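**Student:** The structure follows.
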Amino acid sequence: MNPSQSHPITGDYNYHVAPADDESIYDLPVLEACFTPRAVIVGLGVGVLLCMTNMYFGLQTGWVSMMSLQSALLGFAIFKLPSVLPRFFPNVRPLSAPENVVIQTTAVATGTMPLAAGLVGIIPALGMMSQEVDGRDPIVLSYWHLVIWCLAVAFFGVFLAVPLRRQVIVKEKLVFPSGTATAQLIALLHRAPPIQGISTATVTTREGGRYERLQTSEDGDDEIDGKDQDAISGTGWRALGWSFAASGAITLLSFLFPVTFALPVFDILSWPFGISLAAQWMWWFTPSLSYIGQGIIMGFPVTVSMNIGMLVGWAVLSPLAKKSGWAPGRVSSNTDGARGWILWVALAIMIAESLISLAPVTVEYVRNLWARHEAAEARSHVFTTPDSPDEAAERDGYMDMPEDSEPECEPPERLVPGQWVALGLTASAVLGVWGVWYVFGTDGIHPWATALGLVLASILSLIGVRALGETDINPVSGIGKISQLFFAVLQPGNVVANVIAGGVAEAGAQQAGDLMQDLKTGHLLRASPRSQFYGQLVGSLASVFVSSAAYKFYTSVYTIPGPEFAVPSAGVWLSLARLLNNGSLPEMVVPFMLVFGGAFSLIAIAKLMFARSPNPAIAACVASLPSGIAFAIGFLNSPSFSLARLIGGYIAYRAARASRTGETPLFVIVVASGFVLGEGVLSIVNLTLASRGYGALSCFGCNLGGGGYCTGGC
């Protein structure tokens, strides 16, 4: 492309193709407007939909996703309307790729607040406390208390991420696979020049599921996979619309006829024995297209690990605990039932794998920090001339970099000034300490403990961001649990303080990781880091009110936890807090925790040591070992969700086998996105109908074996 020409798709800005050894798409471009009102408004609109979707799936199964790919797709689709309906949208300038970066950055900040603020984890956990077990009544926050809590944790991670950009993105060039994949998708959508030197990217959900995709060829559109070309053409948009409509229709049908999402198909096997697997053992099938879509996004290996865990937990350990009298209550009970019993085993697996996986990243980080310290000491004894004013202006100012480091590729006016970062970190920390104290009082967590939690969050976030950049897995779960362990010593016997401290640390790490993925996307597409920073702040602020309202809406209509929303993440938070502060465990669960925790510790060590073995047989053997987090999630979710995800994982596997690149085609990912968004958005309709007093039209099929497996009051 002639660098002086304006591109018909991306808009009226100029750029140059980067040299082949540069990881960026563009050389320094003309400073186009990235942070435009239309980009922010569309980003907020998309983000609200993603927020409601993440709230729904997070309360249901604990699944929360950044959905940066979906944000970019939806933002691009919205701006395709003027070309389809020019009479209604005259003289609309085409959306540029940097504007799309701001759209997805704003949308991600808005959409992920349910996880960042603990609305699908620690807030429900506080509402599950009891006087008998915890010595205090449940804590149920009002809307405005929720708003203040969300404000307290909404911004610290945003400011924390900014100083790390130059180190991990510019200098070290960490991959950040999800951010790279989003950049490749946006480049594909806008027919931008190809991303140089990057062939594959791996996208990861919060549960650790991955898919590899979005290869942009250096030879241009002629080399784009045919199915990828379909995905960005009219065929792809029609597929997105039809998959959205199909998933939404089934979701609405499940509200009218609840048996649609709770088919007791396994009762065929147990009927001769006079047992209902659905009513008594929670074995039914949910033909949810959204969970099939999640399985496609997670990939086949992760869904297989999840289903192995599901079989071990629900087909072996659950009946064993019930029949042995270790879990005498109803199987579905989180307190004295088999579901609550196997949760402890899952917790042991998650803690073991999280700690083992964090260890090498921590060691490497400390080693690099020490090496930089020694290098700085050596340089301090060498005479150097001071910077000129121009040279000082070019420096990022966030950290002292070695002379051979990569120069900053952005002009100062597109970067976030260091003074803003220092002021923002201070202000957000003060807001965090005050907000937590105002909402929970000194009976919950002392102000000094909250401040210490923010310091701990800063340290652990540095480790988490590095892990995210290298592996695409943000170990927020492990970071939260480490904080819980730490505060069990600082404020012993205080379950509330333990849960809140973990939530504060997790919020900082999650937000810092999300923004770093977005900054990687912007770096590859030469979007303004300052514009992305603005988008993150605007999205986070808006989501404070949207997420709080969504959570109160759900809790006012449904019992949480309950049949519709089991909130498994809340059970994990509260169980660990109780263990650390009360020390009580269900009967005979300790031996199983030790065995499974030890086994997955060994598996995690084997993966760290031999995953890159030069011996193909050893590497293949290690790669076939199950993921501990996915295995544990199979325990936490009822079997129906894992089975639906397995179907999606198998579809992804077959599609990858049939693809020229051997990876899941973009077209399949587009369809999966439609499935996920369809149920997430139509769940808002179901929620509204339930709040108005409407219910199921028929409970047909919901009473086999005594019933209890359908939602909607059936």
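Heads up, residue numbers simply count up from 1 along the chain you see.
Placement of Cβ uses the backbone N, Cα and C atoms for every residue, glycine included.
From TrEMBL, here are the annotated features:
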- 39-57: transmembrane segment (TRANSMEM)
- 101-123: transmembrane segment (TRANSMEM)
- 143-164: transmembrane segment (TRANSMEM)
- 239-262: transmembrane segment (TRANSMEM)
- 268-285: transmembrane segment (TRANSMEM)
- 341-363: transmembrane segment (TRANSMEM)
- 381-412: region 'Disordered' (REGION)
- 401-410: compositional bias 'Acidic residues' (COMPBIAS)
- 420-439: transmembrane segment (TRANSMEM)
- 445-465: transmembrane segment (TRANSMEM)
- 533-554: transmembrane segment (TRANSMEM)
- 588-610: transmembrane segment (TRANSMEM)
- 617-636: transmembrane segment (TRANSMEM)
- 666-689: transmembrane segment (TRANSMEM)
**Student:** With pairs restricted to those 6 or more apart in sequence, evaluate whether the transmembrane segment (39-57) and the transmembrane segment (666-689) have 3+ C-beta pairs under 8 Å.
**Tutor:** yes
**Student:** Mark yes when the transmembrane segment (143-164) and the transmembrane segment (341-363) have three or more Cβ pairs under 8 Å (sequence separation 6 or more) and no when they do not.
**Tutor:** no
**Student:** Flag the pair the transmembrane segment (445-465) / the transmembrane segment (666-689) as in contact if three or more Cβ pairs fall under 8 Å (sequence separation 6 or more).
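**Tutor:** Contact criterion not met.
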**Student:** Give the nonlocal contacts of the transmembrane segment (666-689) in its own chain as ranges (CB under 8 Å, at least six residues past its ends).
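**Tutor:** The answer is 49-50, 52-54, 56-57, 65, 67, 69-70, 73-74, 185, 188, 211, 213-214, 225, 227-228, 230-232, 235-236, 239-252, 254-255, 288-290, 292-294, 296-297, 553-554, 557, 648, 651-652, 655.
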**Student:** Looking only at the recorded stretches 101-123, 420-439, 617-636, which one has the largest tally of CB-CB distances under 8 Å to the transmembrane segment (533-554)?
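**Tutor:** Comparing 101-123, 420-439, 617-636: 101-123 has the most Cβ pairs near the transmembrane segment (533-554).
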**Student:** Below 8 Å between Cβ atoms, which of the listed ranges 101-123, 143-164, 239-262, 268-285 makes the most pairs with the transmembrane segment (420-439)?
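**Tutor:** The listed stretch sharing the most Cβ pairs with the transmembrane segment (420-439) is 143-164.
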**Student:** Which sequence-distant residues neighbour the transmembrane segment (101-123)? Criterion: at least 6 residues beyond either end, Cβ under 8 Å.
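**Tutor:** Apart from its flanks, the transmembrane segment (101-123) reaches 34-36, 39-40, 42-44, 46-51, 53-55, 58-59, 62, 64, 66-68, 71-72, 74-75, 141, 146, 149-150, 153-154, 157-158, 182-183, 186, 206, 476, 499-500, 502-503, 506-507, 510-511, 514-515, 517-518, 521-522, 525, 527, 531-532, 535-540, 542-544, 546-548, 550-551, 567, 569-570, 572-573.
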